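K.L.:
Below you will find the structure I want to go over with you.
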Amino acid sequence: MNQLTNFMNPVAKPETFDMIKIGIASPERIRSWSFGEIKKPETINYRTFKPERDGLFCARIFGPIKDYECLCGKYKRMKYKGIVCEKCGVEVTVTKVRRERMGHIELAAPVAHIWFLKSLPSRIGLLLDMQLKQLERVLYFEAYIVLEPGLTPLEKFQLLTEDELLDAQDEYGEDAFSAGIGAEAIRTLLENLDLEQERTDLMEELATTKSELKPKKIIKRLKVVESFIESGNRPEWMILEVVPVIPPELRPLVPLDGGRFATSDLNDLYRRVINRNNRLKRLMELRAPDIIVRNEKRMLQEAVDALFDNGRRGRTITGANKRPLKSLSDMLKGKQGRFRQNLLGKRVDYSGRSVIVTGPELKLHQCGLPKKMALELFKPFIYARLDAKGLSMTLKQAKKWVEKERKEVWDILDEVIREHPVLLNRAPTLHRLGIQAFEPVLIEGKAIQLHPLVCAAFNADFDGDQMAVHVPLSLEAQLEARVLMMSTNNILSPANGKPIIVPSQDMVLGLYYLSLEREGEPGEGMLLADMAEVHQALHIGAVTLHSKIISRVPQTDEKGNEYLKRFETTPGRMLIGECLPKSHTVPFDVVNRLLTKKEIGDVIDQVYRHTGQKETVLFADAIMALGFRHAFKAGISFGKDDMIIPASKEQLVDETRSLVKDFEQQYQDGLITQQEKYNKAIDAWSQCGDKVANAMMDEIRATPKLPDGRLAPINSIYMMAHSGARGSQAQMKQLAGMRGLMAKPSGEIIETPIISNFKEGLTVLEYFNSTHGARKGLADTALKTANSGYLTRRLVDVSQDCVVIEEDCGTTRGMEMRAIIQGGSTIASLGERILGRTTLEDVVDKDGNVIAPVGTLLDEATTQRIEEAEVQSVKIRSPLVCEATLGVCGKCYGRDLARGTPVNIGEAVGVIAAQSIGEPGTQLTMRTFHIGGAAQVNEQSNVEAISDGTIEYRDMATIVDQRGRRLALSRSGEIAIIDSEGRERASHKLPYGAQIMHKDGEKVKKGDRIAEWDPFTMPLITEKQGVVKYQDLIDGKTLTEQVDEATGIAQRVVIEYRAAGRSKKEDLQPRITLLDDASGEAARYLLAVGTMISVEDGQTVQAGDVLARVSREASKTRDITGGLPRVAELFEARIPKDNSVIAKISGRIEFVKDYKAKRKIAIVPEEGDPIEYLIPKSKVLEVQEGDMVKRGDALISGSPNPHDILDVMGVEALAEYLVAEIQEVYRLQGVKINDKHIEVIVRQMLQKVEITDGGDTTLLPGEQLDYLEMMEYNAKLPKNGKPAEGRPVLLGITKASLQTRSFVSAASFQETTRVLTEASVQGKVDSLQGLKENVIVGRLIPAGTGAAMNRVRVTASSKDAALRAAMRVANQEHLIAPRTAAEEHAAELAQGPEAAIGDDPLGKVQGEDFTTDDVMVEERPEGASEE
């Protein structure tokens, strides 16, 4: 019987294998799978509905149609099991075998497998060293190929047309050489390949080749040849002689009503193949003319191509309704393919969905489940319980009772549901908090009730959202749901470690209102003894919630004893104080202030850190109830009159109008350019808008005193916005201020602002202007969702196999963290960045005392101490430099953000990182900003001191000009501020030509301006004095007078000059030369295109004068990619559009020579060889001849190319750059993400190395492979062998996911056919280490609880082996112990099939009846269950 469908062991359980290998099937292998040859294209008999014999659904080949019944009906029932009916030839067995048994088609002529032919690079082409075009001509019978030239002058592999072939045969004789056509010819060539010989030839060629491009091609071929040798695949197997036919149940034929049939497309494709094959056989028997046979063979080839991959070559074969037929490849590919539809995303039973409504009276761990829904979901449990209680005799009766909904059923439902958590999920599930467990509470109605505090995690609102309910069935699942997924366990967000259970909207408003303190309220200044008195006073109206009172509040000391302490507070704040947990770590002070949404979040954070999870949950529930109650009691509402339009608006608008008129006039008079006018106008209007907004806020914020001495009630709109409940200052500005400037869809700003606000109403023109940008916004939102989802998918795919696998990898590398400071304000403090990380070195304060020893996990208290000691930088461990193989270690990762504890082994940190970065993706913008207008305002143009200290110049050459200003002349210089203890507080890079306010060593105060510069132009400053001489500056060729058409003012500008014709003399280099007194050349300055010259020819200049200006506008008007596209660009490691050029070494700049459109410059180091760069002339150089540059400095401005950073500066610098750039995009949107998530992803992008030196291994220079694989190769070397070396390569996330070591995971991501083709040629083995592969083969993932199970499995199998050895010694007399693996296998086979089941140590453990190891020994037959 066939090995695939051994009835005792039908399909290998996913637990029993550890690896999956993919290869190319040989014809023998295909025949051994098959249960018979399919000879006819018929499917079933349409009259009797019985399958045709030898057809595509033949019962004799594939198995019976009904269980244990042969086709003709001679044998029925179980007792004939295994008998083959002599009449119809059908074996009596279960129908299920029709899902497993395969057939085959013997082809009359060999056919090439389209995957190996057309999947680029073509494997057949690489092996034979032929082009795909030529191969196709041979395979599709258009040309002959010379197989053996014999003694003729023809060459092997030469293509001949039919006429050429006949001529050659006439000339040399028919037997002098042999030529072939079609797949047969290719097969002969592949059979005759000597792979070993080919390998040695290629190696020699590689060693001797001189050209640049050759090695790449040779390496490609060498790889294919080697993979064939190593995998044991034969090249001729890429040509098929036998086509396998998949089991009929997998390509079903279903009768529809009305006598029609619905069938799988595969049946059509198979029928085509069989028809053409049979016709070809007949033609060959009839000895038909060659041309007819050849045509039939070509058609057969095309039919098989269509079966395997329809549409890959030639016309797509379509069905009756012009729809392309789905081939085998299409079954796997894409979102609807096998991988993504059925293996990675399955539908589950025991689930339901319904609309959600709010459930404010629920506890945090509860959800309201409609009774009807619960009854349906928990049916099996109810049947079991009815049965156990003896209420129903049979299952049928139990069903009836449940359907009739008798009252006993409801009681039992209550019992069943108690303590049985359910999972709630809201699509789209963007992060792991999108599925959480709750305890169901039965409710009437048909809607699910959801606790208001978890809405933020689900991103749910109650405007008609739906949610799905799932029931965890097994005990383990219930346990995990309760211990790990319960909503009470998910208080902190895994993205940033801040609480995600934070009150919002009404609750915030209520708490804000409670914590308001107001002057002149009744009962102000009362002294109240304690909480009871406060309640009483409130009840009788002696005080209001906002009266200032003095009262005693119960506090807890460190020993846990209560005592009373006096506070100046308000009754409202005391009500909030009542909810606080009783602990000395959260004193009443935390709520004795005005609470906005942010502050409430901080309080919850503090409560969680100091008192733990249980107290936090109780506190959250309490303040939620309090918030709702008081939002309701406050009765806050607003009307039109609450939007107060400031009185000063008119005047401000008029002032700005006249200002803009002035700009218009200046433009007409030619004092400013069009662009400058636009910028100034937009500046003026945006400032006006801000002034109006500020005036409005002042008026709305104000609470004037009423005649009776009380304050006027606070403005409701202001309360809502200020508390963070709803609305923002920007929205208030539009309601009652001035709508402001609008953008066009292109992102440019329209020059005329909208002066009205919504209260006044817009004019028609204003309304039209505002719709322009609004529509763009709506269209963007739709695109954004899809883009963001795709980014998340790629991120998950690249990082899914990154799991914490050990405690400590023991690395000595790390990253240096310091505070991020931009434009004088701290964006991220040092404490924020190192919180929850592990130190790499001792952290010491200025006196040398250790604050945190090496290996400390920094918690809040320690980081606070570090910040107080004013430590400037801390070295920490990072997942980037973690040396753990196949994952990261706990120390490098640090704290698990969602729990606030050190990370557990088995935590899937990769997926968490991907979700944390992808989830806020929908909040990012899609725009690429065109700079222009208001965006220019934020261009930085000065540096201020962030603290007191002393100025220190570093590599900073300066010059003092005639006006006594000190100008920076160095391009890589820095200016640092050193504090009194000698520590560096800040260092700033200054642009060339910046004016520096202080001398080296001068003292500065905090907030002093250190330097400033013009952000829009870059000057060219002379360092010597002399006389200006123009060179190659010829009017009309390289120099032009540009006159602004509107103003008539002329400026001399250098233009690009292309020499006409081929005259070499005309190669002009526009430059200014300075002549000193002796008329010698003192200095020369090359001028880039677009430079405006500020001096005359022959003018005398002093040191420090400006010779010319380059407009930085030119280098700055490029689009800034913002938002989501920018994040994607960084993660894909794309080379940016205007990429800068980085100096690879430090040295002096020299200009070598000019070419037509490029210029060659060199960096000459102090020792070693110079490095040359070719730079387009259109680019503005940041350096001049003779400048000193440092390694990593930019030669041309622009966005740096991440690959360059990696090559020049190393892994840490690259990571720092990527983290900073990605964080900046998110920070602009106000999204907080912890750095370590980005580091995890960058780690996955840096897994590969490019071999620089193969050493004594078989690796070739230029090959790319995993760092681990390179180490494996090196480990195999003999003792004194020279190891291979490589340099890290940065791969984009898509590329990195496609190049994972697991082919199953890569195939399920993208380009399925290509991945599988490559894997099968190499005979790849997937060791199933990542998460995705395990999901696909259907076992527990090796993360979380699955990691523990994995460990158990390993120990169990080793124990098994030990037991077996012991048994073998005991049974020595029964069984002579086999010594080799082969003998052992033979002994196993001799025992019959029963022994070979139960390979899996956990397979024995089923349900309740656990058996211990020693009991198992007794039951097992000798030597059974070999692993």
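Using N, Cα and C of the backbone, Cβ positions are placed for all residues, glycine too.
Quantities reported herein were computed from a predicted structural model and do not represent experimental measurements.
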K.L.:
For which of the residue intervals 544-577, 918-951, 1394-1427 does Swiss-Prot record region 'Disordered'?
P.N.:
1394-1427
K.L.:
Where does C88 (Zn(2+) 1 binding site) sit in the DSSP three-state scheme?
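P.N.:
DSSP assigns C88 (Zn(2+) 1 binding site) to coil.
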K.L.:
Give the three-state DSSP assignment (helix, strand or coil) for C70 (Zn(2+) 1 binding site).
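P.N.:
Its secondary structure by DSSP: coil.
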K.L.:
Pick from D461, D463: which of these binding-site residues has the biggest number of other Cβ atoms within 10 Å of its Cβ?
P.N.:
D461
K.L.:
Check C892 (Zn(2+) 2 binding site) against DSSP and tell me helix, strand or coil, would you?
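P.N.:
It is helical.
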K.L.:
At the Cα level, what's the spacing in Å between C892 (Zn(2+) 2 binding site) and D461 (Mg(2+) binding site), rounded?
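P.N.:
Roughly 38 Å, rounded to the nearest whole number.
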K.L.:
For D465 (Mg(2+) binding site), what is the secondary structure state per DSSP, taken as helix, strand or coil?
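P.N.:
In the DSSP reduction, D465 (Mg(2+) binding site) maps to coil.
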K.L.:
Which residues does C882 (Zn(2+) 2 binding site) neighbour through Cβ under 8 Å, counting only same-chain ones at least six apart?
P.N.:
C809, T811, V888, C889, C892, Y893, R1243
K.L.:
Can you list the residues of the same chain, besides C70, C72, C85, C88, whose Cβ falls within 8 Å of the Zn(2+) 1 site's Cβ centroid?
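P.N.:
Close Cβ neighbours, site residues excluded: L71, G73, K74, Y75, E86, K87, G89, V90.
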K.L.:
Report the nearest neighbour of C72 (Zn(2+) 1 binding site) in space among the binding-site residues D461, D463, D465, comparing Cα positions.
P.N.:
D465
K.L.:
Among the binding-site residues C70, C72, C85, C88, which residue has its Cβ surrounded by the fewest other Cβ atoms within 10 Å?
P.N.:
C72
K.L.:
When DSSP states are folded down to helix, strand and coil, where does C809 (Zn(2+) 2 binding site) land?
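P.N.:
Note: C809 (Zn(2+) 2 binding site) is coil by DSSP, not helix or strand.
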